[in-house]
Amino acid sequence: MAGSAPEGTQFDTRQFDQRLNEVLDGQDEFFTSYDEVHESFDAMGLQENLLRGIYAYGFEKPSAIQQRGIVPFCKGLDVIQQAQSGTGKTATFCSGVLQQLDYALLQCQALVLAPTRELAQQIEKVMRALGDYQGVKVHACVGGTSVREDQRILQAGVHVVVGTPGRVFDMLRRQSLRPDCIKMFVLDEADEMLSRGFKDQIYDIFQLLPPKIQVGVFSATMPPEALEITRKFMSKPVRILVKRDELTLEGIKQFYVNVEKEDWKLETLCDLYETLAITQSVIFVNTRRKVDWLTDKMRSRDHTVSATHGDMDQNTRDIIMREFRSGSSRVLITTDLLARGIDVQQVSLVINFDLPTQPENYLHRIGRSGRFGRKGVAINFVTLDDQRMLFDIQKFYNVVVEELPSNVADLL
């Protein structure tokens, strides 16, 4: 354990379990044994180049788990985060790892274990993207790839290794992966790893790591085996639980349009514009810059649209939102930052010009609170690169997203 928890975060199992039951029965969205909440990435004291990577990746506002989980991890505390996939767990521990690396030392300093090859490669991708401006070197050690290639890359030097337990243990056993400088150890989807029978390998790996190591455990559920791991590996962990949102996708017809390439999205949107203007609609993109770009493109083609994003001052945003709510403006282009703040009850069409960067945000963009349960239509523009995210969204919410029929106007 690289740091000690501040007073008040000491972990009492009985108290936690009792409080957890209250949370699950009650109205609270989350429970944490750590009280700091940071509502923006800028407030977290992160390195400038890490912030650049976070914003370039398309994040604007931290999710509930990121607001509570990034800072304790950055402080070197042991952290247990219990939340469903899609709540932003990956970016939480990636940010915590990237903040603490010594980039001048080209040795493995962080080891992340994941249950599947696909997830390990996905984490590698996120870690590399967020750490792009810091010059991070990341490698995924997974089964089904060349052992010799793994050895060559590890020999050349990396800052972070992400991998599946089998291949990582093999690399440690062969001494191709040297544990001496590893100071952070993360288990992602711990429950899934245990259910796949990786328990012994996880223990074997842990035995080979330095004694003073920071541990992060991320898991959707906490079965007894996972709790046992936290007891054996961790010291006074900070615990954070995030409940699923109470928004619902019920009554919302969800469709996709295959656009193959990014460049084709604009034409597709223009083809749909007449339909958009029949009703009130919101178009979501992933970055502030893209809001401005798309707004200019639409206006240059004589399409009337409003736009709002986080760079605008609050007063301007309020005026634009007032016009939108009153119905004097009918098509709004925006980012995830405002997804939760838009009173979308009167909006019957949402277009995801860009699919969200994490599944959680899909719900905030198109979901409705059950109290109102208004009907609606959501249209997702899907390039070849987006197909995996669309699959993840369907799996996460247990929904089927169908291809857009030609009579879309009749559905509104």
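Glycine residues also receive a Cβ, built from the backbone N, Cα and C atoms like all the rest.
Annotated ATP binding site per Swiss-Prot: Ala83, Gln84, Ser85, Gly86, Thr87, Gly88, Lys89, Thr90, in sequence order, evidence recorded as sequence analysis. Thr90 (ATP binding site) falls within a helix when secondary structure is assigned with DSSP.
What Swiss-Prot lists as domain 'Helicase ATP-binding' is 70-240.
The annotation domain 'Helicase C-terminal' is assigned in Swiss-Prot to 251-412.
If you look up Swiss-Prot, you'll see Ala2 marked as N-acetylalanine, on the strength of a large-scale study or a structure entry.
Counting every protein chain shown, the number of other Cβ atoms lying within 10 Å of the Cβ of Thr145 (phosphothreonine) is 13. Per Swiss-Prot, phosphothreonine is recorded for Thr145.
Per Swiss-Prot, the feature motif 'Q motif' maps to 39-67. With a cut-off of 8 Å between Cβ atoms, the residues of this chain six or more beyond the motif 'Q motif' (39-67) that come close are 29-30, 74, 81, 83, 87-89, 91-92, 95, 98-99, 126, 129-134, 240, 242, 286-288, 309-310, 335-337, 354, 357-358, 360-361.
Each residue of the motif 'DEAD box' (188-191) gets a DSSP state, and the totals for helix, strand and coil are 2 helix, 1 strand, 1 coil. The motif 'DEAD box' annotation in Swiss-Prot covers 188-191.
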Cβ neighbours within the same chain of Gly88 (ATP binding site) - under 8 Å, at least six residues apart: Pro62, Ser63, Ala64, Ile65, Gln66, Gln358, Glu360
Tertiary neighbours of Thr90 (ATP binding site) (same chain, Cβ under 8 Å, six or more apart): Gln122, Ile123, Val126, Asp188
Taken over the motif 'DEAD box' (188-191), the model's mean pLDDT: 89
Helix, strand and coil totals (DSSP H, G, I; E, B; other) for the motif 'Q motif' (39-67): 17 helix, 0 strand, 12 coil
